[in-house]
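**Q** My questions all concern the structure below.
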Amino acid sequence: MSPPAAVSPTTRSVELAAPAVKLPVGLSKNNTTATIEEMEGKWDDFKFAPIRESQVSRAMTRRYFQDLDNYAESDIVIIGAGSCGLSAAYILGKKRPDLRIAIIEASVSPGGGAWLGGQLFSAMVMRKPADAFLREVGVPYEDEGNYVVVKHAALFTSTIMSKVLQLPNIKLFNATCVEDLITRPSEEGVRISGVVTNWTLVSMHHDDQSCMDPNTINAPLVISTTGHDGPMGAFSVKRLVSMQRIEKLGGMRGLDMNVAEDAIVKGTREIVPGLIVGGMELSEVDGANRMGPTFGAMALSGLKAAEEALKIFDIRKKQNAF
């Protein structure tokens, strides 16, 4: 005899009155943030929305590793997030939203030397016509005739950085350094086809730790704007010498603002196939003068680097298929 079939009891929905809950100041009923005006004067009752520590960990980790995956194959890699690199990124990201652009910056704080003017002073001086770029990104300045003055260099750097980071096709990997260049054989000898990366803190300890291999990013085009010679500066061009792609560096000459800025902007170019060099790193290749605390050439060298990149990108992309 078969067991009796189970019969579900008749159910009817019952609406239960939700107990009244006193919402903390700062949250509305649908968990949206209150306005500042609603919070003012009510700090004794203030409370943040609840969170579990693992939620924070997963929110950061998931997004960062997704970025690593997305940008493992980039269209353009920019080494160095100083004024030149950020200016190049801004133009590229704006003109070509279809390109995937990775910026690699060794420091925790991007911006290079553009947070202050000369001798740790605040004001930033740019010679005309670099004021055109300030107007483009919305940085106010005082007009002094042949040059303009931004009241604090950090105003320029924070503004251009905010513009760049809001572009959906650009990812900044800071606290990350480039340890080497990826190369491919080509008719011209060697073509640059990406970068070798590592955490900066790891790179600083290769002498006292072992087995700390790097990561890689493939890209048909690299723009190097790492600054003049230093611990991380002029990295790419120094590596070209050790790879025997260029014979030697010209070495940066003494300070001459009038000569230096024109030379840097005019000289910004593809040094070897797949590698464009701009900013003060270029002075180490060409033996150009240093310019000191005037920043117009850094911004406009970035603009020219972006322009040069767009001229040759399609060619380098075809070459980089394998």
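Each Cβ is built from the backbone N, Cα and C atoms, and glycine gets one as well.
It should be emphasised that the depicted structure is a prediction, and the values quoted were computed from it without experimental measurement.
Dumping what Swiss-Prot says about this protein:
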BINDING   CYS84, GLU105, ALA106, GLY113, VAL178, ASP213, HIS228, MET280, ARG290, MET291, GLY292  substrate binding site
MOD_RES   CYS211  2,3-didehydroalanine (Cys)
**Q** Whole-number Å only: compute the distance from the Cα of the residue listed as '2,3-didehydroalanine (Cys)' to the Cα of ARG290 (substrate binding site).
**A** 39
**Q** What residues, ordered by sequence, lie under 8 A Cβ-to-Cβ from CYS84 (substrate binding site) and sit at least six positions away in the same chain?
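**A** In sequence order, the residues whose Cβ lies under 8 Å from that of CYS84 (substrate binding site) (at least 6 apart) are GLY112, THR225, GLY278, GLY279, MET280, MET298, ALA299, SER301, GLY302, ALA305.
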**Q** What whole-number value in Å do you get for the largest C-alpha pair distance within CYS84, GLU105, ALA106, GLY113, VAL178, ASP213, HIS228, MET280, ARG290, MET291, GLY292, the residues recorded as binding substrate?
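**A** Per the listed residues, the maximum Cα distance equals 37 Å.
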**Q** According to DSSP, collapsed to three classes, what secondary structure does ARG290 (substrate binding site) have?
**A** strand
**Q** With every protein chain in view, what's the tally of Cβ atoms within 10 Å of the Cβ of ARG290 (substrate binding site), excluding that atom itself?
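**A** Total other Cβ atoms inside 10 Å, all chains included: 16.
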**Q** At a 10 Å cut-off from the C-beta of CYS211 (2,3-didehydroalanine (Cys)), count the other C-beta atoms across all protein chains.
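**A** There are 4 such Cβ atoms around CYS211 (2,3-didehydroalanine (Cys)).
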**Q** When you measure from the Cβ of ALA106 (substrate binding site), how many other Cβ atoms are you left with inside 10 Å?
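**A** Here the count is 26.
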